[in-house]
Each structure stands twice: as C-alpha cells, then as structure tokens.
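Notes follow the structure.
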Amino acid sequence: MAALGGRGRAAAALLRRAPGTGAAPGAAPRRHRHKEKWAATAPRIPSTRLALHHFDTSYSLHLGALWPSVRAGLLCEQKYGALLNNFAAADHVPEELELLNATDFISEALQKAEMVAQAEMSPPLCTSISSKIKCYTFPRGDITRFRPARPDGLGLLDYYLMDAASLLPVLALHVQPDDFVLDLCAAPGGKTLALLQTGFCGHLAANDVSISRTKRLHQILHSYVPREVRDTVSVTSYDGRDWDQVKGGTFHKVLVDVPCTTDRHSAVEEDNNIFHRRRTKERQMLPMLQLQLLMAGILAARPGGAVVYSTCSLSPLQNECVVERALDVARAQFNITLHPEDLSHFRTLFQDTFSFFSECRLGELVLPHLTANFGPMYFCKLRRV
Ligand SMILES: C[S@@+](CC[C@H](N)C(=O)[O-])C[C@H]1O[C@@H](n2cnc3c(N)ncnc32)[C@H](O)[C@@H]1O
C-alpha cells in the first residue's frame, strides 16, 4: 500500500489473503490439514465465549473497576436513538416522541450548556456542534423501545434507529456549508445518513469495500434521502487503503469509521463473529488495517481539513494506539503535521446521555452502562496542518 511504503504493501497483501476476507477456494495447504482435522473433532467453543474471555483479560486491566459494569452493559440489550429524517415530511414525529418522554439529546445538551454559560458568564461549549441533527433517546434507565420507522406520503422513512453514540463521531466532524466530505468505510450507512442530515455536505463520497454492504447503503439512501440530495452522494466500493491514489488531498472532512472487533456484537452474537477461531489472523491484523485506513483518510484530507477516526471497540490497541501510530507515520513518512483536537467538551455536554471513560489521552470513549446502554464508541479528531 502506497501510504505505508513497502512494508505496508506487504501487510496489505497479507490482509487481502487473510482467512475470512476472501481466501482462495480449494483444498487447504498441506501444512494446515492437521489443524483442520483437529478443528473438526475438537469441541467447538462458542465465539462469544472466546470474545468474553479475551475482553475479561484485556479490558479488566484497561478499565479496572469499571469493567464489571461495562461487561454487564455489553451483555444486555443495547439502547437505540431515533435519528430524525429531516428530508421526510414528519413534523408530527417530535411531538409523538416527546409524549413518550423521549428527547432530542443533542438540542437538550446544547440548551443546557447555553444556560450554564449564561449563568456563569462563560463562553458556550457548543459552538462546534451541528444542531440540525436531531436524535431522540429515552432517559437514563428507561428501556422503552421505539416503534419501527414509518414512511411519509412520498415513501421516505421518518427516522433511523441507531446507537445514539454513533452520532458523536459525525458531530465531532463538524461539517460546514459546502464541505466535501469522505466517509471512507460507510456501509451500511447510519453515519452517512447522519452526515446528510446536517444539510451541509457540498459533496459526499461514501465508500465501502464490501459490495453487499454497499447495497444496504444504497437501500438506506433510497429509503431516507430524496433524489436531488442522493445526486450529491457518490457511492463507491474501493479498498479504502488505496483512496489516496484516487482522490488525495481534496476533502474538507473525512470520517474513518473502521472495521473493528465490534465488541457488543462479538459478546452476544455467534453469526459473523470475529472471535471465531477461523478468523484469528484477521482479528490480529485489525490494528494494521485500521492504521492503513486512517493513513489513507489523512492523505485524502486537504491541508486544514479534519479527520475523525472511530471504532465501536473498547480496545486501546484499536483506538488510541492506532491514532498514536498514525501521528508518527504521518510525520515521519509524509511530513504531515496533525493536531489532535480536544473533544473533552463532548464529555461535559453529553454526560446526561452517555457514560464516558475519563482516561483517554487523544479521543473520547463512550462506555456501555446498564442505565445508558449505548456504545462502545471511540472517536478522535485530527486536523491536518
Ligand atoms: C464499522 S463498519 C462501518 C459502519 C458505517 N460507518 C455506519 O455507520 O453504518 C466498517 C466498514 O468497513 C468496511 N471495510 C472493511 N475493510 C475496508 C477497506 N479496506 N476499505 C473500505 N472499507 C472497508 C466494512 O465493509 C464495514 O462496512
């Protein structure tokens, strides 16, 4: 891969051949046959158990006394938020949701911050948050579920149900009018839809290497976005690691929402679980893939542009370590200076809705919690000088 030089290219080639990511068909090489025979006869340990064992070992060290409650959150039903579709004729929906005691957590936090700022005669915390995105959540401890989304007269659905913490990386990107925005790993498209809800994207490039997942992205765009806005979105299926070779240095804002161990999914779902023994190599190579994608995102941003890196994992190896490594690589190999932007005001603003981990150095991390069962969601913002 060009972004990381020869060694990166070799690692990228390795990744492309990794098990579970499109290995060549046919018989296994001779040296692996005994392993397959063993695997066929050995009692199968559920992938969820392997995942929990791994999490218990590593996250109890990383999160300390917080881990038991985070673990309980991971194993219980997650909470959703309803991202309002500004493109649908759904003026009645806020009232309907408010009657159920749900509130738009973003405008609520902004109003509260403004009141505090006025009372303390201090500058408001919230100048960099887009108030056009509206997402309803039920209060802490309230586990009411939202009804399924409904179509308006033109067939556009009224809201999109998603982990409300997934909006934080989008808010951190702070899209401005006419920005050219790249969503490098976009499918199935929750964050792409949120980016469009800002109403500010001059052009949005939504890319994902997976053709089947890009189909879901197309479906979401068709279900939520009118044609004239869809026309400002280009959907592609490149390997994101090669993006800099396609359109380097052109975007004002880049979202790099990388594949990760999807901790909540891995703890409870056997299907498509990355802790399956067959996917060990793929899992071990994730930080390298994440670094390569982040580097490609950095190279796609124009000078002065911003990159937000995000994962839905608690793993420091997939979060802060990847960002630290990217800062080093950018400086040493590309002479690019990046400034990590302070996002700690998110912790203050959204403390009523989310539980944040207070010990991240570069980004912010939402921790699952039984009373606020969103996340995990790590996000970090880098500005290219
Ligand atoms: C965490 S998911 C993205 C979720 C999406 N941003 C959303 O909000 O709906 C990570 C995505 O990365 C994609 N991906 C994996 N490897 C990639 C690569 N080399 N280039 C581009 N996308 C990749 C996967 O297909 C997957 O859809």
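Cβ atoms here come from the backbone N, Cα and C positions, even for glycine.
Curation plays no part in TrEMBL annotations; they are all automatic predictions.
Sequence annotations record features per position, and here TrEMBL assigns compositional bias 'Low complexity' to 15-28. For 15-36, the entry in TrEMBL reads region 'Disordered'. Among the features that TrEMBL reports, domain 'SAM-dependent MTase RsmB/NOP-type' is placed at 87-385. Annotation source TrEMBL lists S-adenosyl-L-methionine binding site at CYS185, ALA186, ALA187, PRO188, GLY189, GLY190, LYS191, ASP208, ASP239, ASP257. The active site, nucleophile annotation in TrEMBL covers CYS312.
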Residues near LYS191 (S-adenosyl-L-methionine binding site) in space but at least six apart in sequence (CB under 8 A): SER166, LEU167, PRO169, VAL170, ASP183, LEU255, ASP257
Rounded Cα separation (Å) that holds between ASP239 (S-adenosyl-L-methionine binding site) and the residue listed as 'active site, nucleophile': 20
Rounded Cα-Cα span from CYS312 (active site, nucleophile) to ALA187 (S-adenosyl-L-methionine binding site), Å: 14
Neighbour tally for GLY189 (S-adenosyl-L-methionine binding site), based on other Cβ positions within 10 Å of its Cβ: 28
Chain-internal residues near CYS185 (S-adenosyl-L-methionine binding site), provided their CB is under 8 angstroms and they sit 6+ positions away: ASN207, ASP208, VAL209, GLY240, VAL256, ASP257, VAL258, PRO259, LEU293
Integer average pLDDT (0 to 100) for the domain 'SAM-dependent MTase RsmB/NOP-type' (87-385): 94
Cβ packing number for ASP239 (S-adenosyl-L-methionine binding site), 10 Å threshold: 16
Secondary structure of LYS191 (S-adenosyl-L-methionine binding site) (DSSP, helix/strand/coil): helix
Under 8 Å by Cβ from CYS312 (active site, nucleophile), counting only residues of that chain that are 6 or more apart: ASP163, SER166, CYS260, THR262, ASP263, ARG264, GLY375, PRO376, MET377, TYR378
